[in-house]
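As annotated by TrEMBL, Na(+) binding site applies to GLY148, VAL151, ASN155, ASN448, LEU513, SER517. Annotation comment: TrEMBL describes 16-27, 708-723 as compositional bias 'Polar residues'. Here TrEMBL flags CYS254-CYS263 as disulfide bond. Summarising the annotation, TrEMBL assigns region 'Disordered' to 1-31, 46-70, 687-723. Marked as transmembrane segment by TrEMBL: 140-159, 171-193, 214-242, 331-348, 360-377, 409-430, 442-467, 501-521, 562-580, 601-623, 643-664.
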Amino acid sequence: MAATSGRSHLYPNVLNRENGTKTINGENDNEARMDLLRNVVIDHHRNNVKQRHKSGDLTPNDAGPIDGSVNKSAVPWYKKDFTENSLEDDVNKSQNSWSAADQQLAQDVSSTAVLTSRVGEEIEDLEITEIDRGNWSGRFDFLMSLLGYSVGLGNVWRFPYLAYSNGGGAFLFPFIIMFILLGFPLMFLELSFGQFAALGPAAIFDRICPLLNGIGHAMVCVSCMVAFYYTVIIGWAFLYMFKSFASELPWERCHKDWASERCYSHKDAADCTATNGSVYYLQNCFNKTEVERLNISSLAHNKSDRAPPAQDYFERDILGVTESIEDIGGLQWQIVLCLLLTWTLTFLSLSKGVKSVGKVVYFTALFPYVVLTILFFRGVTLDGAKDGIIYYLTPNFDKLIVAETWVKAAVQIFFALSPAWGGLITLSSYNKFHNNCFKDSLIVGVGNVCTSIYAGFVIFSIVGYLAKELETPINTVVDEGPGLAFIVFPDVVTRLPVPPLWSFLFFFMLITLGMGSEFALLETVMTAVQDTYPPLRQKKVFVVLGGGMYVLQLMDTYSASFAVFIMAILECVIIGWIYGADRFLRDIETMIGQRSKFWHYFFIFFWKFLTPATLIFLLLFNLVDYKRMSYKKKPYPVWAELLGWFMTFIPVLVIICMGIWRFYRSPKEKTFVMKLKKMLHDTPKWGPASKIPRSDSSLDIEGGKSRIVTNPGFTTTGNETRI
């Protein structure tokens, strides 16, 4: 099939240069590219002429009639016979008369590796393959990255706290129910969404729903804020890990440099009471005579006023916690150096793209399970571990009738799987087109739930031991958030054999958990920058190179709370109602193959009704049940609360402002309603990452009948695809 000037259309199959293919539909490579370029440029020129006529910028005589026919008295260069010259020569000849956009179009077409047009229609709005974004080296690279992203610090400290404070074993029931209602449907939606278009959140929403294109940028804002304070926690873990390289851990005893009056060292107490009649009180060892003379025996046995050395060490030495957020305090040079180390390691892992991250996450995703298993077998052998596990598993069914229990279970699922943060879309956008993202969602989703439950056994066995050692109730031992990771566990390891070893293993596990999530959070930001400015993909190294407890608590509470619920609701609206859940499921089937009717009905029902309804309930309940923040029972000042709410509404403002701006800048339509309708629907640029023929409701071929088009590049259901 030689290229001739008389044919107006060419419909090539996939050209795969990596496999050495040198022909398109049997044509010589150079001829086919010249033929395709000619037709693309002609149609591109016709479209420009039509648009300029509509806007009144030129008359029909300026560039030929509106119907696209050519004035024979002045045949432009792009209507000449291309077979007489090479493609490169013709492009060079046209550079002076061509617009910059036309030159870029020709350059892209001449170097494109995958090009497929639709049968029976003009090559309008042709999307040219951009610079290679990169792909995961293998399927397990993606699975490990996804596992490292979803299984994080929240599984270790947040889930156990929520369990024992919300019904113990009974909490598992709403936790699993919320996974079915929210976690799995949203996770599968985002993984298939990113994989289908091979775009990060900043670019993908602009194509499927231009009016709400700000959702992707809002997700990037959330990921960016979370990544910054997440780095602080990783920095703390690094510092503790380095402090573990000692014969005796610095928080095993009360040191005068940082210890408060309440500091109580069980090690000093054991050394003191080894002498008959001696009593350890206020960091001093009183002999039998002094105890009787000062009458301090009853005071020394009052355990309610004790603080473990690990608590004073963390708050007074590591952080230098002040009286309130109004006094931020100075820089802690040790933490600054550990933060620098964290950012350096993150940069080195991300600078080479997802291929390098895919190798690092094999360690960061799997190593925490090794440590958890070691801690589990050590924990269940401790005295008192049985009491802790029984407390963990004993259900308090009264909590199931309290709405707050269900809300906290849903929030935990949201923090565990991280939908609407942009990370799931980003990671899946680097998948191969026919990767089974449905299976990935099941594996990682169920694995995340099981990891949380497993971590509960590990933690409560140790907490039961600690409660027996301190002779205090179990529900007063564990604290939420950083208190568990940096106070309770450091105190526990001082009571185990070879404390430095256990301390090193635990904090190294925290580092790997945190880094796994950090990679995905920052990759979301990097992908957004590169999808918005594609040339930067070749300069990723330079793109990547580009607090205290009160601040951390503030950001943790507000940076990813209400806004995340709003973005998840809007995602369901876009996919379920605007684009169409059934239509999106058919898109998914082009990637993973045909599925059953029940499979279709399940996700249609959840994406359109059940999941968004649950999210709306959670959002409203959180607003109604809102309480002012506090740390150590000290409420935050009003200005800090306002700052927190400002962080909450940054993503919401991004969505609103970008939607208004995009609506204002869009081409003029006849009426406001027509313009709004157009802005709510997908653009011609929306489509699969793999350029395969696909169903198009606006395409009319031979009276609406479909055709069969051979396409060797699409192999999921064979080598034939209906369009």
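In case you wondered, yes, glycine gets a Cβ from its N, Cα and C as well.
Contact check: the transmembrane segment (601-623) against the transmembrane segment (360-377) gives fewer than three Cβ pairs closer than 8 Å, residues 6 or more apart, which falls short of the contact criterion. Excluding the listed site residues GLY148, VAL151, ASN155, ASN448, LEU513, SER517, the same chain places LEU147, TYR149, SER150, GLY152, LEU153, GLY154, ALA365, PRO368, ALA416, THR451, GLY516 with Cβ atoms within 8 Å of the centre of the Na(+) site Cβ atoms. All protein chains shown were included, and the count of other CB atoms within 10 Å of the CB of SER517 (Na(+) binding site) stands at 25. 214-242 is the stretch from 140-159, 214-242, 360-377, 442-467, 501-521 with the greatest number of Cβ pairs below 8 Å to the transmembrane segment (643-664). Closest in space to CYS263 (disulfide bond), of the binding-site residues given as GLY148, ASN448, LEU513, is LEU513, taking the CA atom of each residue. Taking a C-beta cut-off of under 8 Å and a sequence gap of six or more, ASN155 (Na(+) binding site) has these contacts in its own chain: ALA416, ASN448, THR451, SER452, ALA455, LEU513. A Cβ distance under 8 Å defines the sequence-distant neighbours of the transmembrane segment (442-467), meaning residues of its chain 6+ beyond its ends; these are 143, 146-147, 150-151, 155-157, 159-160, 163-164, 172, 175-176, 179, 183-184, 187, 369, 372, 375-376, 379-380, 382-389, 391-392, 412, 416-417, 473-474, 476-478, 484, 488-489, 491-492, 495. Taking pairs at least six residues apart, the transmembrane segment (501-521) and the transmembrane segment (171-193) share fewer than three Cβ pairs below 8 Å and do not count as touching. Only residues 6 or more beyond the boundaries of the transmembrane segment (360-377), in the same chain, are considered here, and those with a CB under 8 A from a CB of the stretch are 140-141, 144-145, 147-148, 151, 349, 451, 454-455, 457-458, 461-462, 505-506, 508-509, 512-513, 515-516, 519. Between the transmembrane segment (140-159) and the listed ranges 171-193, 331-348, 409-430, the one holding the most Cβ pairs under 8 Å is 409-430.
The separation of CYS254 (disulfide bond) from SER517 (Na(+) binding site), Cα to Cα, is 35 Å. Only residues 6 or more beyond the boundaries of the transmembrane segment (331-348), in the same chain, are considered here, and those with a CB under 8 A from a CB of the stretch are 231-232, 234-236, 238-239, 242, 318-320, 515, 518-519, 522, 544-545.
Around the Cβ of CYS263 (disulfide bond), the number of neighbouring Cβ atoms within 10 Å comes to 24. Here the CA atom of VAL151 (Na(+) binding site) lies 35 Å from the CA atom of CYS254 (disulfide bond).
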